[in-house]
Amino acid sequence: MSKQSEVDSDTDALQELGYTQELYRGFSPFMSFAFCFTTVNVLTSISIGFNYALITGGSGVIIWSWILGSFFTILIGLSLAEICSVYPSAGSVYYWAGQLVSPRRAPLASFICGWFNFVGNVAGKLNTLNSQLDKIDCFASIVNAAFVLDGKPPLNIHIQVGISVGITFIWAVQNALRIDQQGWLNNIATFIQICSTIGTVLVLFLMTPQRATVSDVFTSTYNETGFPFIYVCFISILSTLFSFSGYEAGAHLAEETQSAGKAAPHGIVGTCICSAIVGFVYLLALLFAIPNVTNFMEVNNYDEMNLSIAVYRLAVPHKGALALTILLIINLHFGGMSGMTVTSRIGRGNRIIDTSGEKSEYRKWTHYFDKVISTVFVVSLIDYDQEDKMEESIKLFRKIVTSPHLAYSSLILLLNKKDLLEEKILYSHLKDYYPEFDGPERDSQAPREFILKMFIDMMPDDKKTIYSYFTCAKNIDNSAFIFAAIKDSLHLSVQKFTNTHKT
């Protein structure tokens, strides 16, 4: 299959999900894996969380937590990969959440999943930049450790915050690059991460003057938390889960990936497996380099230096430890860059723009809507006795349906509050406000059809399709049905819009 055929196939698959292709498909399948692998970046995630891992269990708990956490993460990764192969969209996990539940619960599921996903990514990036937690290190603190290893005085908090702000700006600039250019950066980052890990592991295994025994690494424990050991075993697995965060990253860029239905799922599974192996080997190298965890903690626990860097210093003092720390900083930079890309893509997917509070400023916003696929217009049925308000709605509707900017947009007209209309029509007759109405009094069916016709008559083109629904917010089943119908309408609109704009 040619490259163009693959792109067309991806675009068609996206149309079936209700999306038009907006982003440039510049990611190759390997770039998708490289992006996931760089986002997870176990070399850096293990290193910045090593302090927490050591005080919550020590060597034995760290190793077995990693094995257990890796196993279940791979299982979850396989499940997500299967879903991704069916729904390779930019909305990714929160779009999936809506698809995997009933239409009635889909909005809530997507809302919860989307916000948890977004907040989690933002919190993770902030923690990577500048953490205020005593046992979690960050980019700025690792840079500070490099200065200390080089014999310079430690950086004060103001300089560390400045470093965090500066690196955030650099990540933002790099994320402004076209996606294929970012892909090449991630390819380079993957190569650097693999080489850095191999080099660090070899140095720690070969040059450490004293090593721990196999029994020490797999069975010894250390608990500085003051909590019962069984509780510590549960919270220690958090360091493993933190290290794996971001393995679904390729799904967020599925819309920008060639052969996304295969490449993105393969990237997720490959990242989980490779990260589990690389992380296990790196942890073994760190833990074997600590002959006695208790003594090591007594010497370094009150030092401001990250404990993984303290292990480097234990194995290769002075310039050797500084070199390994610089490699760690480089990997932190690339991992943070990829993580910011993920966070920026989470917000993509279905976008809804509410202009209800700006209807009087119609001319200010309508020209931004030249690529809007569908317009939802909501009318209150009980406003018929407020002639100015109803007339204002009709005039605005007329402007929208005749706007050249919305020429290819489908129209969904929701006539709301039909339940309140049934009550109001008993004492407030429509004929008193619209003499041309000749329907029966105290009957809600004829008045709502009359109001619908007033809006339909504003349509300049009989061939233009309009989807109209009478709604009631209190009727959940009715709302779920209408929501499903609107989704079908949107899918049809996407296909029509795409066919119209094909070149």
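Keep in mind that glycine also has a Cβ here, set from the backbone N, Cα and C atoms.
The transmembrane segment annotation in TrEMBL covers 30-54 (among others).
The transmembrane segment annotation in TrEMBL covers 61-81 (among others). Remote same-chain residues near the transmembrane segment (61-81) are listed as 53-54, 93, 96, 217-218, 221, 232-233, 236-237, 239-241, 244, 247-248, 251, 264-266, 268-269, 271-273, 275-276, 279-280, 283-284, 287 (criterion: CB distance under 8 Å, separation of at least six residues from the stretch ends).
The transmembrane segment annotation in TrEMBL covers 157-177 (among others). Tertiary proximity for the transmembrane segment (157-177) is limited to same-chain residues at least six positions away from its ends with a CB under 8 Å from its CB atoms, namely 129-130, 138-141, 143-144, 185, 333, 336-337, 340-341, 344.
For 184-207 (among others), the entry in TrEMBL reads transmembrane segment.
For 227-247 (among others), the entry in TrEMBL reads transmembrane segment. Residues 36, 39-40, 42, 45-46, 49, 52-53, 56-57, 61-62, 65-66, 68-70, 73, 77, 120-121, 124, 221, 268, 271-272, 275, 279, 338-339, 342 of the same chain sit 6 or more residues outside the transmembrane segment (227-247) yet have a Cβ under 8 Å from a Cβ within it.
For 268-290 (among others), the entry in TrEMBL reads transmembrane segment.
When secondary structure is read from DSSP and collapsed to three states, Lys417 (GTP binding site) falls in the coil class. Residues annotated as GTP binding site in TrEMBL: Asn416, Lys417, Lys418, Asp419, Ala473.
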List, by number or range, the same-chain residues at least 6 past the transmembrane segment (184-207) whose CB is under 8 A from its CB atoms?
30-31, 33-35, 37-38, 41, 43, 174, 177, 278, 281-282, 285-286, 288-289, 311-312, 315-316, 320, 324, 327-328, 330-331, 334-335, 337-338
I need the neighbours of the GTP site defined by Asn416, Lys417, Lys418, Asp419, Ala473. Which other residues of that chain put their C-beta within 8 angstroms of the C-beta centroid, in sequence order?
Leu381, Leu420, Leu421, Phe470, Thr471, Cys472, Lys474
Three-state secondary structure of Ala473 (GTP binding site) from DSSP?
coil
